[in-house]
Structures are given as structure tokens and as C-alpha cells.
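Worksheet for the structure shown next.
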Protein chains: 2
Amino acid sequence: MAARLSSAAHYEALLAKYDTWMFDCDGVLWHGDRLIDGAIEVLDLLRSRNKKVLFVTNNATKSRKSYKGKFDTLGVEAHVDEIYGSAYAAAVYVSSVMKLPKDKKVYVIGMKGMEDELRDEGVAFLGGTDPADSTLSPFSLDAFTLDPTVGAVLCGLDTSINYTKLSKAFQYLTRNTGCAFLATNEDSTYPAGGGLLPGAGAISAPLRYALGRDPVSIGKPASTMLDCIKAKVNFDPARTIMIGDRLNTDILFGQNGGLATLLVLTGITTEAEVTGPTASSIVPDFVTQSIGDLRVLGK
Amino acid sequence: MAARLSSAAHYEALLAKYDTWMFDCDGVLWHGDRLIDGAIEVLDLLRSRNKKVLFVTNNATKSRKSYKGKFDTLGVEAHVDEIYGSAYAAAVYVSSVMKLPKDKKVYVIGMKGMEDELRDEGVAFLGGTDPADSTLSPFSLDAFTLDPTVGAVLCGLDTSINYTKLSKAFQYLTRNTGCAFLATNEDSTYPAGGGLLPGAGAISAPLRYALGRDPVSIGKPASTMLDCIKAKVNFDPARTIMIGDRLNTDILFGQNGGLATLLVLTGITTEAEVTGPTASSIVPDFVTQSIGDLRVLGK
């Protein structure tokens, strides 16, 4: 059972045990454009106690640089090299883990942030925001020319998803031998405008269904994201805690990586999913109402 | 094991046993715009022997009336009341099986043919080909007004699929209590231009994934389609044969309905899926190379 934290002594014990604090962002530090009460003070407090702070997000629509703009707008201190997004992790995966040859390309279903990260990692790509693929006209297979250099299809959240993009990706995945099927993340939904919208997993779902094949998923809860962080940052998993609002992404990610886990209830997970007869089988080490609760330490 | 048919005696025995002949169309009678050799002669032969001929297609992009145009263009005799499409069956399902109250509407992800069939059955709908939903602009949940009268979401093949349609459908399915989730069919792919493209099942897949819930599927292999035919045509299942090129739609549909089944190899199913170590667990009663093979009877 998860330990419920509520007193200064509880939080002080946490600070003593963990040197590296990995944060999910939406639902933990903010909701859309609204800061969670106390988030800035708690991050400042952690930094003042010499804790390493990292931000680990499945948001693949923004590059790290552009995601930093979100922190700036909300007045949250963050450095680009503290931010790990699934678009960045996917680009690192393509260049450094699968080591896509330099004469091969990635067909992108995704947005500008994903293109920026691929470009920064020196990965050639097509599709993405290309106006030729931003169309609702019928797709003609007869008029389509298969690019034999496409060695991977990478899917992330793409609010311009359409049948042409799906059809092209399907051709590459069925006709280019060995073409890899990658997804930045498989979140079923994401919070937006006070509700939920279909997430990145819903964007790769048509291909998964048509192919009868699952993508390699990069973001939380996959350990690929943690491997990407490990390649860049020194930290001891035994002294690291992952803080998130989602059991099947954030908390599972921490558990898969051997990290401690702290669930906050300011996001998608409700009290009923943590305790009681309908509780999830994914059990975090610790639960607290809000990250803002740790403010008591600063008093 | 399926009985392999090849001689006039084999086909003559088939004619003696079955009075009603249900045909899948694409891959059986034609490929796209090209007739299967002998298809017209065989259909004429069946009619001359007083067999009832029905056409049962999962194609949900065309109404029966417009699908008849396809027969006309190819010179194949067919009457509208011999044609059963999944858009028509879905409209009948909504009006006659689920009996959607007259003050309720269907949100459509689909094309003109589906709208035509719903209109003919007196079912109110929104979405579909509405220009307001044909957009690649970002979807704003704040600007969206939920229509509380939407009592069902119906998904079919829609080559104008986009994020706005998926997001609206997701809102109805999660926020309108009791909203039904329907799919015309769940074909993973369909043949086009000498290749394959993502099918209707790929269009409902994002919703299935985001919702964690499967739609009620109307078309083959579901028996809903056969119930729809039964409501309109008299036939004895024990003296009916279903002819198709797909094991997991056509042949399974026949088996689910207690019909005999004949697989042709002019479409999507290969010889290796019928015999040998990689054979499917779905075994038709009979196999013949092409529907055109039955021409020997006319000689």
C-alpha cells in the first residue's frame, strides 16, 4: 500500500532519501496554463537543498527548447538540459540506439517539436508538417511514390492527423523491408481545456490496428526514456524519485526504472484509483495531495 | 479441411445444394475497376437457374443506390434491393434494433454514402461531411459545444478523418451518458490501386484506444449484417452459401450465420492461408480459385 504523506516530517524524510527529483509536468506542476499552487516554491526549495531537478514529459508536440518557453511563461525556473520530452528521447533513440544509417530517413506523423528534435540530432525526415501531407483530399495510391530510404515511421501526437499521413506511413511499414514502427508515447488521452482529448496513443492506433503490430514506444512508462536520461545525466536510481499524476505512465515508468515513486492527486488519477475496491494494481511508494504540500518544509 | 472445387461436377453439386448465393464484391467479382474474368457469366448462370443472388459488402462509403452505379459501370446486373452494404445495415441497426429515439442524433465519422443511408432510414445525424468538421485546424475544447441529443457515434471508413472529428466523437462518447459506440465494420485494410490502405477498423481505432472500449460492429463478420438481410429477404440459411475472399470477414460471417462458405483466391487470401503450416483457423467449406471457374457449367 502506498504511504500517505501529510506532515513536514514525512516530506523531510523524503528529502533525506532522494537526491534526484524527476517531475512530470502537466497535472503535477500545472494544469494547462494554470500553475499548481505552491509548485514554484517547492521547486525552489528542492534546488536550495541541492537536489537535482529534472522534468520528464511525454509531450511530443514541443521540442525541449520550445517546452522551456512554457516554464518561462509560468515563471518556473528550468534549463533546457533539465527537460526530457518524448520527442527528444525519440530522436536520440533513432540516432543513438537504433543507429539509423545516415542515408535513411524517418517518416514523421507529428508536429514541429518532433521535427526540431530530429533535426538537432541530425536525423533526416519527411512528412510531419510538410504542406503536401496536410490535406483532407483523398489519398491516391497510384499517385504515391514510395521513398525506399524511409527506414522508420515515428508517430506522436499530431492534431493534423489525416488519411494521407496514415496511408503513407502504412505503405512504408508494409513495403520497406525492416522499416521500424516507433511511437513517442502511448498515452490514451491528455488533459486540455478542462477536459480530455485523444492522446498520442490514439494517433498511432490506426497503424497498430491496420498492421496488427505494436510500435516501439519511447516515452513513459517505457525505459527507453530513462535510458536517454541516463546517457546525459549522472544519477543514482536508488536515490531518485519520480513524481507524477498518472499511474500507467509516470508511476510505472519510475517502477520500471527502479526509482521511488510519488503520486500526486492534482492530475488525472483520482483517490478511488489509489485506495478502495477499484484501486489500480500499480501502487506508488508514496501519495500526497499536491506537490504544493511540500511547502511546509520551507516554513 | 476445405473441399477444393475444380470440376463441373463439383460446381453442379453446389448449385443443387444452395438456393441463395451471397457475394462479397471486391476481390470476388472485381478488383477496383477491373472485373474478375467470368464473373458476369457466372452471375447470369445463377440467375438463369433461379438462384437468389445477394451482394453483401462492408464498403460503407457508398449507399446502396450509389454502389449500384459501380455494378452498372462494370456491366454487372444488380438491383438495389439485392445490395447490402454496412452503411445501410448500420442505419437499419440504429433505427430498428437500437431504436434510437427520434429526438436523438448520430454523430457520424464517415462519408456521403453513410449520410444517405441514415437519411433514408429517417435517422438524424451531424458530423460526417459537414464542412465545419472537415478541418486540419487545432481542435479547441473550450470552443466546443456538446450537443446533448447525440445518442450514438457511428464510425466507418472516412478518408477525411481528422483530429476534430475524433475529438468531437470522444467528447460525445465520454460525456453523453449512454452514448453508443458503433462501427460499420472493422476491416483492418482494403484493396485500392493495386495495394492496401488502412480500412474502417483503423478509423475507429483511435477512439477504441482512447476510450478503452470496443465499438458494436455491424458489418461482416458480425451477425448484425445478416439480421438486417433476414429482415428484408426470405432465405433458408441451410440452403445459402456465402462467397468471399476474406477469411476473417466473409467466411467467418457465413459461419457465424450458419451458412455454407466458399472462399475464392482472387482477393486478399493466399493459398498459404488455406493449406499448409501457416493456415488460418478459419476454414471455409469450399475453396475455388476464382468465381469465374463456375463458367464450366454454362458450357
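A Cβ is built for glycine as well, from the same backbone N, Cα and C atoms used for every other residue.
Lifted from TrEMBL, the feature list:
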type: BINDING; residues: A:D24, A:D26, A:D245; note: Mg(2+) binding site
type: ACT_SITE; residues: A:D24; note: active site, nucleophile
type: ACT_SITE; residues: A:D26; note: active site, proton donor
type: BINDING; residues: A:K220; note: substrate binding site
Nonlocal residues around A:D245 (Mg(2+) binding site), in sequence order (Cβ under 8 Å, 6 or more apart): A:D24, A:D26, A:G27, A:V28, A:L263, A:V264, A:L265, A:T266, A:G267, A:I268, A:T269
Binding-site residues (A:D24, A:D26), the one with most neighbouring Cβ atoms at 10 Å: A:D24
Protein Cβ atoms within 10 Å of the residue listed as 'substrate binding site', excluding its own: 32
Other same-chain residues whose Cβ falls within 8 Å of the Cβ centroid of A:D24, A:D26, A:D245, the recorded Mg(2+) site, in sequence order: A:C25, A:G27, A:V28, A:L29, A:T57, A:G244, A:R246, A:D250, A:V264, A:G267, A:I268
Local backbone state of A:D24 (Mg(2+) binding site), from DSSP in three classes: coil
